[in-house]
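Remarks on the structure that follows.
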Ligand code: ATP
């Protein structure tokens, strides 16, 4: 019979994302509701290795639902990649009498959690918290919606200055391996072109499209570029290439960078984090383990960690077609 869960640990790991605080709050409050103790580990796996944690109760998480970042801090822990590091983490969980863990992070965090469970048999539930939206088993990850809103707001402002000066702007957004942010913000902000890691649209096509835009009388052009776009040139090289080939264009570059990770979470991310984390606590109390909670077709669903890690959530390539039609 599964051991009764009396004490749950929670941590945030990998890149931080807006909504992680709403997720921590929901874990802590659900634990309080179900009369289960809760402790929060600082800096993800590193805090587990160092035994760095705090006891949490319903009042420890007041007024954090509105805040970006994570009150538990996040980290990438090299030590956890080693068997010895994971042993230290397991020893500390035992000392702190933690029966199960809720891990809020991305696929690296879940990979670490899976190995940890195989070695030390501590039940875990993963909650997808990353702005990249690239996790299999959920339509949305916590932080993606807020990041999109941040990007669209920034592009709207750049559009104002671009159209005042008839300029072309290349805007780099996050997404080294996944084009979700570029595709969705590109459509949301009415970009002329969107370059993503999943699809090589080619430099000729980019030049053709910009030339067409200019001839059709557009007063500004925006190209949204994912950090890891497949053409293989970085955003500055792309701008140079266009300047050389289309000298009529005054091409500028903006790299949005880490503003995409910050800010108060959107209502969507707050509700998503709340729903996923209440379910995560309920699953553990119900004796379930080694699952990831996700949001699929408007419902909270759990899948195995293996399933979540098997492949990446794929972009909807129809969005490229929609963008093409609308940038006419
Ligand atoms: P993001 O998507 O925002 O980058 P992530 O969770 O994928 O988030 P990672 O840095 O890949 O971020 O992983 C977080 C931590 O998980 C790592 O720093 C490491 O401690 C642990 N981890 C990742 N992969 C493994 C692994 N194969 N074995 C053990 N631990 C791992």
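Yeah, the Cβs are placed from backbone N, Cα and C, and that goes for glycine too.
Curation does not apply to TrEMBL; its annotations are automatic.
TrEMBL names 76, 77, 106, 107, 108, 109 for binding ATP. Of 15, 19, 40, the residue it gives for the same site is 15. According to TrEMBL, the residue from 59, 67, 159, 261 that belongs to the ADP site alongside 25, 26, 27, 28, 29, 190, 191, 192, 218, 219, 220 is 159. Residue 190 (ADP binding site) sits 20 Å from residue 132 (active site, proton acceptor), taking the C-alpha atoms as the reference points. Counting only the Cα atoms, the space from residue 29 (ADP binding site) to residue 107 (Mg(2+) binding site) is about 25 angstrom. With a cut-off of under 6 Å between the Cβ and any atom of ligand 1, the binding-site residues 25, 29, 107, 190, 219 reduce to 107. Around the Cβ of residue 107 (Mg(2+) binding site), 22 further Cβ atoms fall within 10 Å across all displayed protein chains. Looking at the residues that bind ADP per the record, 25, 26, 27, 28, 29, 159, 190, 191, 192, 218, 219, 220, the two CA atoms farthest apart are separated by 52 Å.
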